[in-house]
């Protein structure tokens, strides 16, 4: 490959990186997203959960609107508890897990914060998979005050 071609390729790659409107995700959220896909067997994209109800996605307030939103509130509360009592950073905690026939399973060798966060994520992912998804509850922050 000619040096000029390499420069053009590099320029394209750099411009694509700058054009991305998605902020970098904490490592754990990537794992959690994969767990959700494992639990629901790919039936629903993870993006459907990013702005659902009052608690699915960043932050949360008000009263959960349904069973799925309650799953998100419980998960948020668990992360808050992990930050306080376990003194860990759940959004950045990396753990080992596998996708089994009955959903995500945490590696038994994990201990401490890794075990707690993996357990919270696996439980939430299974809860998401069981809960009905109501399209009317997507992007409703005005009802969550």
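Cβ from N, Cα, C; glycine included.
Since the structure is predicted, the reported quantities are computational estimates derived from the model, not experimental observations.
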Item checked: Residue from 66, 76 that Swiss-Prot also lists as binding Ca(2+) with 55, 57, 59 -> 76
Next item on the list: Round to a whole number and give the Cα-to-Cα distance in Å for the pair residue 71 (disulfide bond) and residue 57 (Ca(2+) binding site).
Entry: 12
Next item on the list: Using the recorded Ca(2+) site (55, 57, 59, 76) as reference, state which further residues of the same chain have their Cβ within 8 Å of the centre of those residues' Cβ atoms, listed in sequence order.
Entry: 54, 56, 58, 60, 72, 73
Next item on the list: Among the disulfide-bonded residues listed here (38, 54, 72, 99, 118), identify the one with the smallest other-Cβ count within 10 Å.
Entry: 99
Next item on the list: Run through the Cβ atoms and count how many others sit within 10 Å of the one on residue 57 (Ca(2+) binding site).
Entry: 15
